[in-house]
Each structure stands twice: as structure tokens, then as C-alpha cells.
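Here is the structure we will look at, set down as C-alpha cells.
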Amino acid sequence: MTHFPNLFSEGRIGNLVIRNRIVMPPMATNLANEDGSVSQRLIDYYVARARGGVGLIILENVQVDYPQGKNVACQLRLDDDKYMAGFFELAEAVHSYGAKIFMQIHHAGRQTTPGITEGLQPVAPSPVPCSFLGTQPRELTINEIEEIIQKFVDAAVRAKGAMFDGIELHGAHGYLIGQFMSPRTNRRVDKYGGSFERRMRFPLEIIRRIKEAVGEDYPISFRFSADEFVEGGNTLEEGKQIAKMLEEAGVHVLHVSAGIYESMPTLLEPSRFEQGWRVYLAEEIKKVVNIPVITVGVIREPEFAEKIIAEGRADFVAVGRGLIADPEWPKKAKEGRQNEIRKCISCNIGCIGGRVFQNLRLRCTVNPVAGREGVYSEIKQAPVKKKVVVVGGGPAGMQAAITAAKRGHQVILYEKKQHLGGQLEIASASPGKAKIKWFRDWLEAELSRAGVEVRSGVTADAETIAALSPDYVILATGSEPVTPRIKGAEKENTFVFQAWDVLAGKVSFDKDEEVVVIGGGLVGCETAHYLAEKGAKVTIVEMLSDIAIDMEPISRFDMMQQFTKLGISARTGKVVTEILPRGVAAVGKEGKQDFIRAHKVVLAIGQSPVGNELKKTLEDKGIDVRVIGDAYNVGKIIDAVSSGFQVAWQI
């Protein structure tokens, strides 16, 4: 029996038959070789998703104009025939597992920086700066526009020659094609700008000439932002007009997205966005066209995806970050094992934050194998079965226990609390972070599936552990909040609290109560957000020049917008010198004194590792001890999970 019959029914794009309605949308990975060629690491990554049962893979954005059109550090290239062999190998590998593959061809336009384009000034239809990146583009000449059109055509011809099943034109998210279509970014007065029809000339000319070059029947997908969610940009009404014109031009499928860089959270949603919030856009577009429509946007559960198809709101569902988190999402859903799916929590840390803003290779908080599928293609059994004791039931400890058990070891996990989760429990209490509970629940269920013996509500001291005669002990004892050396921060003060206790619901606050949060890092800002949503008047005091600098940038961008709405204020560049019953005293860089009124004060100064004494005692007993997660080095969930996986893999 096939579960989710609509989701797993065959779909059709033009004459191309696709085995189900699940699409992996294009998502940049930085897994290409530095010269823009296809790497084995990239092939392994896509093969894992094809093997996992996805119907159609749309390859991440491939630049047609190097380096002018480049927008990420290790971006694929197809501006020369020499790159075709790698793409052919990729397509062949994906096809061997029954999936189809399209290539998204792309030009960044103004949404890039000289640091990426090897010093070249970004180009655009008009010299409208990108405020998100702080870049000033120059206006393209008519001759340059004609040259870029030809480069799109050449890339499409090469894609077909490399055995790709179709192409996708990236007209969404404010890149060059979208810039021509939008009145916000296209202020030309020649044949490529002005009226709606002239703004559409650039994409329509690309489509016309591609069809002439590759044939009428070669599938073309067009991705566009049905609503740019920014002042002066295209709205859904313009999106409907765009869709009609694209259908008339011979496009075979519409991939309906949203947003541009200036409205970044609408295209790369942080965790507060609800599942499927963008589906209504595809639904409205579908009403005005007769070609298939792909919807996208925080689609995490097969039950939700099934309903979209069953209700006719879209013809295909794009599962993006969900397939990074779990390449077997389709396979598990089809087999009725949807409860085993490791769902994306929309943290954006490894797939977007580190990749886009630090030029790192793709990673995933919940999937430590993402981007390294060739190395960890399968959990290999250890040559000798060992007894492994894990101390600590947070994300690092649970991941370590799961990995060690899957490698064939006997694993016992100790957690001093009655329930598992560690800091995941606290993190999920922050506004918009409820998805973190998905991961906590998955880890707990996976412990059971892996056969880990869990002993919760037990404090594992050295004697208890030694009595088990373990071969290895993995310490995942986490961290604890730091109490600063500030006068008045003493624990006996009844108006001073730790941020963790606030997020854990251990402290009550009255509406309109004035609260000062000392520390403007991630924990401090999330605590301030939590309190403000409960009606408190919150001020953050931070010694650095800005707040939330340790946050993933898109989530930070979104949070700052929420702070403005909630009236949260920040005093930066100030050091708190004393906590008093009616507020806090602080001093600025130039020695200027300040006093911020408060009924209650919350400490969010940071954390320090826990477990050093236990480690030393165990080692003195001759036990092999490995330390992971915050107990080793305080970091984010992604660091904890990765360290747990790596240490367990090596045992």
C-alpha cells in the first residue's frame, strides 16, 4: 500500500513524466569545486536525495556569466563546454536512482558583491542599490543585455547536452531576471524597461531564444517571486500577470516563490514562519494558468504536502531544507514511516548562515552527514563491539548515543533529569522556536529505535560509571550559565534571574513590568523577545557595539524587525557596573554614567562548560573519556550534534 496517494502519484511537466510530486528545489551548497566544476562531494549529495525517493531535483543555481553573475563562493559554472563532463556525470548518477533533474541557470545581477565577482562592480537593469548587501550596481548597456541573453541560451544548450531533463530560469528572489521584471529595480526608459510589457522583454526574449535553440518540447521551468513583499516591488496581482505571460511564452511549469534580498525572511524563512505559509501564492497563480505549478516554503510534513496536492492548490510540492535534514524524506513517507522523518527546524545556521555569510560548505544542524554523504554514506559497523556510557541527554549526548548504537556498540545513556533534551527544551521556548521540539522528539525516538538503554533521573557519578566497566565514556554534561562579577548579581537577590530560568518558565513577570536583560547575544535577545511578547518593557544592555552578532544573519534581520514592533530597546557599548533594586548602573566607553530602570534583571552573560572534575576522576581510574558538546566547547546546537556524531563515529 502506498501512503499519501496524491503525493506519490505520477506528475507531468510537458512530456516529461515524474515519479511523484516531490521536488527538491535549487539550494546553493558551496559543494562545487572552487573553479565551478562539479565535485564528487556534490554528486554524492544529490545522489543521496535521488536514492531517497525525490521525484525531481532542480540543481542549485548555475552561473551563466562568470564572474559577473556569480553570487556564492563555490558556485557551479556552465559558461564553457569544459564543465559539461561533470554535469553529465551528475545527471547520470541521479537518473540511476529514478529521479529526474533540471538545471537552474542564473545571473546574480545586483545581488552580489565585488568580493564574490572578483572585484567587478555588480550589474543591474538600473543602478538601484541593494540595501541588504550594501552594494551599488551599474546599469547594463543594451549590448551587455544582448550578450547575457545569449549566455543563458548557451547554458541551456549545454544543459540539454549534459542529459539534464530540463532547465529552470531563476527569475525569483531579486536576481537579474527578476530585477528586470520588477518596477522597484527596473527604472529603464528603453525597450527593456518602463511598462510591464517592456519589463518582461528580457525574460521573454531568453525563453524565446532558448526554445529556438533546444526545441519547443524541452522542459522549461520558471521560478519567480509572485509577491516581492517590498515597497515598490511586484505584488501578487503583478505576479498573476507575469504567470499568464510566461505561459503564453511556452514555459512548461511555474515555480512560485516570494521575496527579494530586501525582504529576505520571506524567501529564506527563519523558524517563526509557519509550515506552508507561501502555498496561497501558488494557489492563486494556479487559478490563472493551465500549466503545472510548484509550491514551496516551509513544507516539512508529508501529511501537509499530501493535502496540498489533494486539494488542488498546487501540482508539485518543493521540499527544500527538509531534504537537507533528511534525504530519505520521500522514502519514509511512502513507506508510512513519516514519524521517522528528521524534520528541518528552520534554524538556517548551516545551510544558509555559514554558507552565505562565511562562504563555508553546506552543513545542517539536525543532520551531521549533510554535505559529507560520500564519507558517511552508511553507518558502518565497528569491528569490535564496545560498551559505551554517555553522560548527558542533550543534543550532543543523544546524537552520540544514537551513532554509537547504530555502529553496533552497547550504549547506556544517563540523564540526571527525568526527561531528555537538555538545552533543546530551553531553546524551543523562545518565540518562534517551537520547531526545535521536533528535533528533540526525533532524537528521543531514534534512541529507542537504535536500542540505546536510557537511564533518566539518575546522576551518573564516577563510581556509578566505573561499576559498569565501560570501554568508553562520552561526557555530554553541557554547560551552565555564568554569573558575572557585578555588584548586586548575587543569587540571593530576589529580582535577579538567569535567562535559562526565564525561558524555562520558572520566573513570572507582570505585564508592563520593566526588565533589563544584561547581555545582547543570542540567548539574551531571545529572552528579551520572550519577555516582550508577554507584555514586559524590555531593555537590553550590551557591552559590544551591537546586539545579536552571534546570530544567523537572516534570523537576526527578522528578529530586529520583531524588536521594533515590540518596542524592545538596546543600550550598546555599555558595561553594567552595579545591579540595584530599581535598575542597573552602567558606564559607556567614554566613561559616561547611565542608569536604566528595572523591576527585574535578567542575566544572559554566557555559559561555561560542566564536567571537568568528572572527566579527571574517570581518567584517574583508567577509563577512556571523550568530551563533546558544550562540555567541550560552548557553541550552538549544530556544534553539539556534529561533535556527538564525530566522536561516536570514531569509537
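Quick reminder: no glycine exception, Cβ is built from N, Cα and C everywhere.
Swiss-Prot names CYS344, CYS347, CYS351 as [4Fe-4S] cluster ligands; from the candidate set CYS364, CYS525, the record adds CYS364 to that same site.
In Swiss-Prot, the FMN site is described by GLN104, GLY320, ARG321, and among ARG198, ARG199, ARG201, ARG223 the residue recorded at this site is ARG223. Highest local Cβ density among the binding-site residues CYS344, CYS347, CYS351, ALA396, ALA460 belongs to ALA396, counted as other Cβ atoms within 10 Å over all protein chains shown.
For the binding-site residues ARG223, ARG321, LYS433, the ranking by surrounding Cβ atoms (within 10 Å, all protein chains) places ARG223 first. Each residue contributes its Cα atom, and for ARG223 (FMN binding site) and TYR175 (active site, proton donor) those atoms are 11 Å apart. The 10 Å shell around the Cβ of CYS364 ([4Fe-4S] cluster binding site) contains 23 further Cβ atoms across the protein chains shown. Cα distances from ALA396 (FAD binding site) to the binding-site residues GLN104, ARG321, CYS347, CYS364 are smallest for CYS364. Candidate binding-site residues: CYS344, CYS347, CYS351, GLU415. Nearest to GLN104 (FMN binding site) by Cα distance: CYS351. LYS433 (FAD binding site) sits 30 Å from TYR175 (active site, proton donor), taking the Cα positions as reference.
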